[in-house]
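First comes the structure, then the notes that go with it.
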Amino acid sequence: MAESVELPGRLGILPFRNKVLLPGAIIRIRCTSPSSVKLVEQELWQREEKGLIGILPVRDAAETAAAVVPMLSQGVGSDSGERSTRVQVGTSDSQRLDVKNQQENIQWHPRGVAARALHLSRGVEKPSGRVTYTVILEGLCRFSVQELSTRGTYYTARISPLEMTKTEMEQVEQDPDFITLSRQFKATAMELISVLEQKQKTGGRTKVLLETVPVHKLADIFVASFEISFEEQLSMLDSVDLKVRLSKATEIVDRHLQSIRVAEKITQKVEGQLSKSQKEFLLRQQMRAIKEELGDNDDDEDDVAALERKMQSAGMPSNIWKHAQRELRRLKKMQPQQPGYNSSRVYLELLADLPWQNASEELELDLKAAKEHLDSDHYGLVKVKQRIIEYLAVRKLKPDARGPVLCFVGPPGVGKTSLASSIAAALGRKFVRISLGGVKDEADIRGHRRTYIGSMPGRLIEGLKRVAVCNPVMLLDEIDKTGVDVRGDPASALLEVLDPEQNRTFNDHYLNVPFDLSKVVFVATANRVQPIPPPLLDRMEVIELPGYTPEEKLKIAMRHLIPRVLDQHGLSSEFLQIPEDMVKLVIQRYTREAGVRNLERNLAALARAAAVRVAEQEQAVPLSKDVHQLGSPLLENRLADADGGEVEMEVIPMSVNNHEISNTFRIASPLVVDEAMLEKVLGPPRFDDKETAERVASPGVSVGLVWTTFGGEVQFVEATAMVGNGELHLTGQLGDVIKESAQIALTWVRARAADLKLAASEDISILEGRDIHIHFPAGAVPKDGPSAGVTLVTALVSLFSQRRVRADTAMTGEITLRGLVLPVGGVKDK
Ligand code: ADP
């Protein structure tokens, strides 16, 4: 690169359209137009020494309109035989010239760059024979155009150099501003070079340039190598002042540097992602190949992926999630045929299914609505309902209150379950019932450890999985029926469940990770309080539901049961009416229970029969098939044969909705249940008053009241005497307590024989020469308890005195040896 160039006063001009050649830049151009070919021929090719030409940027006038910066306008002139153009910088008042060979106006830039040809080659186009040149040009230095003229077909210009002289340069180099600027530029340029070198991993040849080339030239060289806009190129060309040039160049280089950095960052990111996913892809491919080789099924993998997705969305706490992931990794390594694969899978499915966080949204508790709801579902039970409302009120004021667990105690069918489900409805929570009846194994509550074959989670976890929310109302049904046995004590596991301090981390053996039960609202039911272990009872608040009187049953039947039963059978009162009298008869003759479950069953039997009858009236019966199959005479026989009270409730499936019959059949008058129909459908009365009267017709029989898990029952006691030697025989599956009661009763009667006028005098034993036999009928049913005391005494007195006992009175009560009758409990239950 030449240090300084001697510029001639006039230069042949090659126009560069919308492009700038900067000093220090090297370009290759192909000249094909006649004017440029002529220029190259005359100014370069035919010269002995290497010639110079001027490169002058031009701009399409159309493009610029009120163009930028000073441009040259052409005027018409004549100078020494050449058409000349006076150059008027920055003005446009002179006439415009339509340049020959060019259709459009062009605007010349007033400054250009002198260029030297480094290489020239000449070519001839084949068919036309046209000559073309390929030139490699190097930009040398700036000049400004004084005057533009045409020589033949190309332009020439009178020029003056713009670069500084040596002395000027030296002066500028002393300028502190210039020094800072050049340092700044060099630093930026250096940075750019290192970035580029790093990228291309090339040696530091460019760095040498920085040290050897003067900084003002470097500025041009750097800018020339970037792709920048035409305007920016022009302004660089116009920066004759070195300070301006340097600051402009620094700005452009810096911009370039930044854009490289940003681009690099983006590619790095993309590459990073790509390589990770590519790696995974490769690994998967390999795994697939291995599995194929082993003949494994591919579907399983998708299953596992689905399981993983499910696990991710289960919302497990972080420690459990870690545990689950560990298990999942194990599963992924296993083959489906491998032992343990399935159990591991089932286990993970359970983890994924459990409601770790999923909760039903709790509604704002509306006590009034809750009360209405309870009232509309349940007749009577005023105190119980009041207690439930109190319970709800506490929950409303303190939602996380850890009040005692409610435990409804009472015989079957008194509405314990339905009250619990009403609580759930009032709280706006889901309801789940867990039956504890007959649970003797602790594992039923707590699950089996996974080491056992066929191990399962306990009923609680199972129930939570079923409801799929972590805050349901959970009914622990028949909590009194759990028993201790060799397999552990379920009650102690329940203790943990019901203890608010412990149930936050309930540990199911199968699950093997703690599960938080603290959001569950527990409600329990039991038939009796006594079998419930005291510690468990301590955690609960017992609410007794003693059972209903016949009057209450009647009301419940009329208000709740009949409408429900009719609805369940697709009937309405238009089709079947069960008058109050008949309900009373059903209660008296067909049921003997504390609750209303059998009553409901019997009513359902009536409804079924009525449904058949209604259907029979129309032959085209569009009922579902199941009803067709029950041919009506057959049904009636069946119903008549069946023991009315025991008929299991069957809900006849309706094809569309419950009111289908109503819509299909229009019958003249409703079917009214009468006694005949009762007998036909429910069979002969199971219980009636005559029976008691008949049974106590002879002396020695008395009527007792006993309590069973199914409510109160009438219990007969029969005593008889025969020849013997004073022994007492007892039969009827009696427990120790009741046997002792019999002893006590006999002793008491013997001691009081004279007072009761059973014996003539105190010296005569009433057992003289005879044995006594006491029997409790229904001999197959085990009986126990002390409360048969008074009944036994009555039976014995009746036997010895040969007087009959009243048929309409039943007795209950424990008697002591001295004849005291202890206070009786649960009369209503009995
Ligand atoms: P339990 O759980 O005590 O064995 P359920 O709650 O299953 O009894 O009740 C049996 C049936 O009797 C249910 O259909 C219930 O709605 C009904 N029932 C019980 N008590 C009443 C009542 N007081 N009012 C209305 N229906 C009642």
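Yeah, the Cβs are placed from backbone N, Cα and C, and that goes for glycine too.
Look at TrEMBL and you will find SER787 (among others) tagged as active site. DSSP gives SER787 (active site) a coil state; it is part of no helix or strand.
The feature active site is assigned by TrEMBL to LYS830 (among others).
Residues or ranges marked as ATP binding site in TrEMBL: GLY410, PRO411, PRO412, GLY413, VAL414, GLY415, LYS416, THR417. The secondary structure of GLY413 (ATP binding site), as reduced to three states from DSSP, is coil rather than helix or strand.
What TrEMBL lists as domain 'Lon N-terminal' is 11-257. Averaged across the domain 'Lon N-terminal' (11-257), pLDDT in this predicted model comes to 78.
According to TrEMBL, the domain 'Lon proteolytic' annotation covers 696-830.
Here TrEMBL flags 75-94 as region 'Disordered'.
The recorded positions near ligand 1, defined by a Cβ under 6 Å from one of its atoms, are VAL414, LYS416, THR417, chosen from PRO411, VAL414, LYS416, THR417, SER787. Of all the binding-site residues given, namely GLY410, PRO411, PRO412, GLY413, GLY415, the one with the smallest number of surrounding CB atoms inside 10 A is PRO412.
Taking only the Cα positions, the spacing between PRO411 (ATP binding site) and SER787 (active site) is 18 angstrom.
LYS416 (ATP binding site) sits 26 Å from SER787 (active site), taking the Cα positions as reference. Just so you know, of the recorded positions THR417, SER787, the Cβ with the fewest other Cβ atoms around it within 10 Å is the one at THR417. If you draw a 10 Å sphere around the CB of LYS416 (ATP binding site), it holds 26 other CB atoms from the protein chains shown.
Within 10 Å of the C-beta atom of VAL414 (ATP binding site) sit 29 other C-beta atoms, taking all shown protein chains into account. What surrounds the ATP site, by Cβ distance within 8 Å of the Cβ centroid and not counting GLY410, PRO411, PRO412, GLY413, VAL414, GLY415, LYS416, THR417, is the set PHE408, THR525, LEU545, GLY547, ALA594, GLY595, ARG597 from the same chain. For SER787 (active site), the nearest of the binding-site residues GLY410, PRO412, GLY413, GLY415, THR417 in terms of C-alpha separation is GLY410. Secondary structure of the domain 'Lon proteolytic' (696-830) per DSSP, as helix, strand and coil residue counts: 29 helix, 36 strand, 70 coil.
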